[in-house]
Amino acid sequence: MARFELQKLYIDGAYSDAGSDATFEAINPANGEVLAHVQRATKEDVERAVVSAEKGQKIWAAMTAMERSRILRRAVDILRERNDELAALETLDTGKAFSETKYVDIVTGADVLEYYAGLVPAIEGEQIPLRDTSFVYTRREPLGVVAGIGAWNYPIQIALWKSAPALAAGNAMIFKPSEVTSLTTLKLAEIYTEAGVPNGVFNVLTGSGREVGTWLTEHPRIEKISFTGGTDTGKKVMASASASSLKDVTMELGGKSPLIICDDADLDRAADTAMMANFYSSGQVCTNGTRVFVPSHLKAAFEAKIVERVARIRVGNPEDENTNFGPLVSFPHMESVLGYIAKGKEEGARVLCGGERLTDGEFAKGAFVAPTVFTDCTDDMTIVREEIFGPVMAILSYETEEEVIRRANDTDFGLAAGIVTRDLNRAHRVIHQLEAGICWINAWGESDAKMPVGGYKQSGVGRENGISSLNNFTRIKSVQVELGDYVSVF
């Protein structure tokens, strides 16, 4: 017996049965409990959602900027009023510690929505003089119907990061959450409707990326895809979107980010930064700094500080607010992470701590993996080359600044990077040479609503958050006005 009732699709401002009886299970990864049975959208459901979105978008775009802004601000208020309720549901569905979801997931998502709600009246064009009798003006117009495809690690936050600029610009969005974590996105759809967003402007289709995601990327009347997920899937999304109708695509993809500890760094601060860059959200953050570069002569001292801090991690029931490290998001993902850990051991990396599944007591029912630190790693090891998306830190030693910059950039990814140093001249000098779209100096992980985020190389296309994301959900129309006589050459 599932804890919650059957989860339906959300189309045209209300819950709606899918076109088939097929469902999948939402599983609590802390104990294997079936939380809910979730309906799988069909291709016909995708078409229904598009028709609904087209209708709603016309109503939404016709509203004044202040009207749209006020409605989105009401949604912000509702999100904040229901913060704890939504955070508790997110914890059940993802396994993330309530101490995290309560203070981060809904809070930061609401901040992004508030930011874009404030920018709605600021969407403006330009006036360009040509001569005394003629000028050009530009308009920023909504794209129309767009689609968002989310990842499983920050379900409601990602849904808000994508829907906030889209709706602020006057678009309608069809959102497909990850099949692994679908529950809070459906609640977000309810909140948008309650706040006054017209029916159809935010529809939610649940199901697999292979089916529902593909139908969305291929649909000829969807103008843009905003995708968060793995690099391999992102390549397929881009190919599908361009083949069907030359859709605009924004993608936030994988990473294998470097964290460089300099020889002048405060080692306590360096260790604290490395812990946040590797074990926050049980290591399931795309920007994690999993390649930690440490000067050779400081490696032993740094390792000791890391081991000390790992011992203080409070692994446990994620619903307990004292817990700060929960299970991985699913049992299949746990097996993937354990496979990488086994590979690290096989290839000669030394386990400093962790390195196994936790099975004592209540842990046996869940997808718990011990916080794991490998040292004596080399650049060619699988755990150093590939994104693990779990609580696995790899410590690498280096000798010179030139060397560490070269090695930090020796990756197909380019999502994030960081440096810990007391010398700000060095910090900027190194950061400016790192091939990464998001960089931190003496910190790790904060992504404010005003901060554009996205990757270099195979870590993404385009940016989310900041003013640039709002502009990316509009298209520019140029209009020339002639006030004088018009003379034909014919």
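Cβ from N, Cα, C; glycine included.
What Swiss-Prot says about this protein:
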| type | residues | note |
| --- | --- | --- |
| ACT_SITE | LYS162 | active site, charge relay system |
| ACT_SITE | GLU252 | active site, proton acceptor |
| ACT_SITE | CYS286 | active site, nucleophile |
| ACT_SITE | GLU464 | active site, charge relay system |
| BINDING | ILE27, ASP93, VAL180 | K(+) 1 binding site |
| BINDING | GLY150, ALA151, TRP152, LYS176, PRO177, SER178, GLU179, GLY230, THR231, ASP232, THR233, GLY254, CYS286, GLU387 | NAD(+) binding site |
| BINDING | LEU246, LYS457, GLY460 | K(+) 2 binding site |
| SITE | ASP248 | site 'Seems to be a necessary countercharge to the potassium cations' |
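Around the Cβ of ASP93 (K(+) 1 binding site), the number of neighbouring Cβ atoms within 10 Å comes to 28.
Restricting the recorded positions ASP93, GLY150, PRO177, THR233, GLU252, GLU464 to those with a CA within 10 Å of the CA of LYS162 (active site, charge relay system) leaves GLY150, GLU464, listed by sequence position. The K(+) 1 site is set by ILE27, ASP93, VAL180; from the centre of their CB atoms, other residues of the chain with a CB within 8 Å are ALA26, ASN28, PRO29, LEU35, THR94, GLY95, TRP152, THR181, SER182, LEU183, VAL329, SER330. The closest partner of the residue listed as 'active site, nucleophile' among the binding-site residues, by CA position, is THR231; the full candidate set was THR231, THR233, LYS457.
For the pair PRO177 (NAD(+) binding site) and LYS457 (K(+) 2 binding site), the Cα-Cα distance reads 25 Å.
If you check the recorded positions VAL180, THR231, GLY460, GLU464 against GLU252 (active site, proton acceptor), the ones with a Cα inside 10 Å of its Cα are THR231, GLY460, GLU464.
The number of other Cβ atoms within 10 Å of the Cβ belonging to CYS286 (active site, nucleophile), over all protein chains shown, comes to 25. In sequence order, PHE24, VAL38, TRP152, THR206, GLY207, SER208, GLY209 make up the list of same-chain residues 6 or more apart from GLU179 (NAD(+) binding site) whose Cβ falls under 8 Å from its Cβ. Here the recorded positions are LYS162, LYS457, and the one with the most other Cβ atoms within 10 Å of its Cβ is LYS162. Residue environment of PRO177 (NAD(+) binding site) contains 28 other Cβ atoms, counted within 10 Å of its Cβ in all protein chains.
Across the structure, GLU464 (active site, charge relay system) and THR233 (NAD(+) binding site) are spaced 18 Å apart at their Cα atoms. Secondary structure at GLU179 (NAD(+) binding site), taken from DSSP and collapsed to helix, strand or coil, is coil. GLY460 (K(+) 2 binding site) sits 26 Å from ASP93 (K(+) 1 binding site), taking the C-alpha atoms as the reference points.
Here the candidates are the binding-site residues ILE27, ASP93, VAL180, LYS457. The one whose C-alpha lies nearest to that of THR231 (NAD(+) binding site) is LYS457. In this structure, the binding-site residues ILE27, VAL180, LEU246 were compared by how many other Cβ atoms lie within 10 Å of their Cβ, and the smallest count belongs to LEU246. The closest partner of ASP93 (K(+) 1 binding site) among the recorded positions, by CA position, is GLY150; the full candidate set was GLY150, THR233, LEU246, ASP248, LYS457.
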